[in-house]
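Colleague: Before I ask anything, let me first share the structure, which is written out below as structure tokens.
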Amino acid sequence: MKKVIAITGPTASGKTSLSIKIAKKFNLEIINCDSLQMYQKYDIGTAKITIEEAQGIKHHLLDFLTPGTNYNIYYFQKDARKKIEEMPLPLFVGGSGLYLKSVLFDYELTPKSLFLPPISLTAIENMVDFIKKKDPQLIANLDLKNPRRILSAYQDLLSGTLRSQKNKKHNPLYSSLIFYLDIDRQILKKRVILRLEQMLKKGFIEEVNQIQTFFPNANFNIIGYREIKVLLEGKITLDQAKTLIIQKTMQYAKRQKTWFKNQIKPMILDALSPDLEKTTIGLINNFLKTD
């Protein structure tokens, strides 16, 4: 099997910094695995890597879609697998777990619901409530930041199918070394708060305003962008928006960790360890020695 490496973890856990160090050490190119960072203009609010931060490391499937473009996990699976075949040793970086799993495992996808019109936030919330009642086990594994995944699960339940009880293929297609950067929840919260303040200083509110102005069909059902949009509509204050963003980010991080541990079973690393880089390099060297 072809070897693949992935670095995952919650927002503000240090994925970007570690990935650049690893890419430079092993002369690798990076495949982005953050579903939001694939879109242009969503820069500040997604903490998208900058040219300076990339330090010359080539990134694929990053910043290549116009806001509002119909692109989802179905297309990503195909594009990412093509990239894997083009690289000696691909390095995936990002926290979109289902996207990563769809690529690395024998995950069957169909292009259904690719060209549906935008879904309102109220409709999404109603669908989530319905899913919780009908199939509670599914919620822990569902990407609640992705309206299309919510709609797909909702449609399955309407047809009488409990998706959590489906027999899916989980056979690996590649020999994968997947790292998950774990971090103490209280420290993570402090980092999230600090990062949000930095985003606001960099112009996060103006970024949302620009996207809304020039791309009215763009997706705003995203943590951070949704709250800033509501702020711009005058429905909440800045302090309320900040509180909501922090709260929802932490809730998502908790679900994210549960999902990765149950679905992918990655190698969990201490994101705050002073030996993180050294440990990661050692594990990769051992991985590359195996057949």
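Even glycines carry a Cβ here, placed using N, Cα and C.
As annotated in Swiss-Prot:
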BINDING   GLY9, PRO10, THR11, ALA12, SER13, GLY14, LYS15, THR16  ATP binding site
BINDING   THR11, ALA12, SER13, GLY14, LYS15, THR16  substrate binding site
REGION    34-37  region 'Interaction with substrate tRNA'
SITE      SER96  site 'Interaction with substrate tRNA'
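Describe the structural surroundings of these features, if you would.
Modeller: DSSP assigns THR16 (ATP binding site) to a helix.
Note on the region 'Interaction with substrate tRNA' (34-37): DSSP counts are 0 helix, 0 strand, 4 coil.
For SER96 (site 'Interaction with substrate tRNA'), the same-chain residues lying six or more positions away in sequence with a CB closer than 8 A to its CB are CYS33, ASP34, SER35, ASP143. DSSP classifies SER96 (site 'Interaction with substrate tRNA') as coil under the three-state reduction.
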Colleague: Within 10 Å of the Cβ of PRO10 (ATP binding site), how many other Cβ atoms are there?
Modeller: 26
Colleague: Restricting to the chain of GLY9 (ATP binding site) and a gap of 6 or more, list residues whose Cβ falls under 8 Å of its Cβ, or answer none.
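Modeller: Those within reach of GLY9 (ATP binding site), by Cβ under 8 Å and sequence separation of 6 or more, are LYS15, GLY95, PHE179, TYR180, LEU181, ASP182, ILE183, ALA271.
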Colleague: Report the mean pLDDT of the predicted model across the region 'Interaction with substrate tRNA' (34-37), rounded to a whole number.
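Modeller: Over the region 'Interaction with substrate tRNA' (34-37), the predicted model scores a mean pLDDT of 95.
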